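Reading through the structure tokens given below for one structure.
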């Protein structure tokens, strides 16, 4: 047990503080205990397992009917009304028929109602995931021999439209473009859902936390630009080939500029009117949202008016304007996704699963904190995974939590996930009765709805200057992620964001701040001598602070910083002393840190016999951990200082650092060594060092 060498005093009474050593359990014993706990079969365990998988069993019996029902019904109706036009519009992004978007919205709401732990999050179609699904669908369609420029929506698209020079993939002779497109989407969705379920079973909910907020914001920004680019041709009514792969955004805009003369005047006018109405309505809603009890369903009103105008104006027949086409009613028979396609899209499903999980967990945790309850990240993975796995057999594609609809749910009084059942009922009504009424809806109107929904993500670019002032490293992650999404691809943008995030993290720990500390007046506190004026440096003692972990990547910087600030290269000087060469001290300022990165062993450091200090105290409070290289660095440092008759002391070590020091052999086997080297505070270490020095000087004087 560790004991403080100088126990604190309280009211003149000494208080002895001893540390209870941690009881370490071996890996095999830990695995056995967890396996035994997991495999125990009893009624309470089975009940807990079922309640964990289906949280609705726990909260539904406690539902406060009078308090919650009105808000849940209202928010469910509003979200259902918003879902219908968004589902039809987002089918453009996914390259699928609108009916499949409605299926997806219906099943996702029901499954998350049963399995979700968040009371407010809305899980359903999400623009970024729709874009990622659409890119995979387009690529696989082209590989299968279908014309990539053929759109999914519109009349006559259920026919097999093939390239003249392409060879039809075996087994596709009886399956048209739309049939094969939904096969690809369901296979991709099933694989992504299986990844998410597997992550939930393995308790890997923490993995999504490695996708930082700047990364997600930059990814949303880059993906929004890509979505805007993909919808530009629908806004103008221009038919251009679908571009894939490297530089898709640039190639698409070049094709648009080359074919802008072929724009459909009817689509251009309709797009201009719809954009003006939607943007104006959104701005007014944002400005006066405190006065509106229920958000105005602008998208639905625009769709209704546009559909009526297109039908009675015969815009498709007279002006060649592209329309949604036939949207069937009812449900189709379930179908098992094609295993061959699943293997071909397995890699794409990984990025899809990671993005969907990250957005879902981050939104669930954010709204749980703001409303005073907790969510389970692992259960969220299972819930979102099941929202992908089960609906994949019913012609649905990937889903995740969506911020905009979640905000609407909260604003309209949502209290529990019962509102999702109401939303599913609204979608079901459209599926069974109202879907054919959208036959004459122009695709440019759907594109306008998608573009306007990107306002929030595109506005995040205004936050970049503030992010740069706050953290240049985070701003670099934001820019790198967004730029790679736009210039290369969505998947490459995600990888670039993760890479730069890890690089930023490594950079921050590789070169942390280092400083010499001095005493604040007569207090027991010490601060950076270069940052504050009027501090009192302890006589003949150097107090060094390193604000980061000590590990293999920064051990050299640790030594360079220490040697530069103290003016003594201990390794170089100890070697010269062993060789019998006179050593001296540098005349460099002890707090000058301008060349911390350029100081190397022996470069301009001349050390005399009188070093100006007899003890070095390292403030280990910011020292998070030590690895093998860090332990070896401390051992060598103590050895070199000892050769120069300088004492090395450590202060404010955390229990984990103390354990590492003991296991690494830094403290030795006896308790006395720890009490001589480790101190509970910087001040106690400094006072002990000064007291020991005075005792030695007194002993020398007596001799």
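Using the three backbone atoms N, Cα and C, a Cβ is placed for every residue, glycine included.
From a predicted model like this one, the values you see are computed outputs, not experimental measurements.
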Where Swiss-Prot places phosphoserine when the choices are 24, 149, 321, 589: 589
220-239, 240-259, 260-279, 440-459 - the one Swiss-Prot records as transmembrane segment: 260-279
Of 161-183, 184-206, the range Swiss-Prot labels transmembrane segment: 184-206
Criterion met for the transmembrane segment (68-90) and the transmembrane segment (346-368) (at least three Cβ pairs under 8 Å): no
Cβ pairs under 8 Å between the transmembrane segment (346-368) and the transmembrane segment (260-279), at least three: no
Top Cβ-contact partner of the transmembrane segment (291-313) among 94-116, 381-403, 416-438, 476-498 (pairs under 8 Å): 416-438
CB contact flag for the transmembrane segment (184-206) and the transmembrane segment (476-498), at least three pairs under 8 A: no
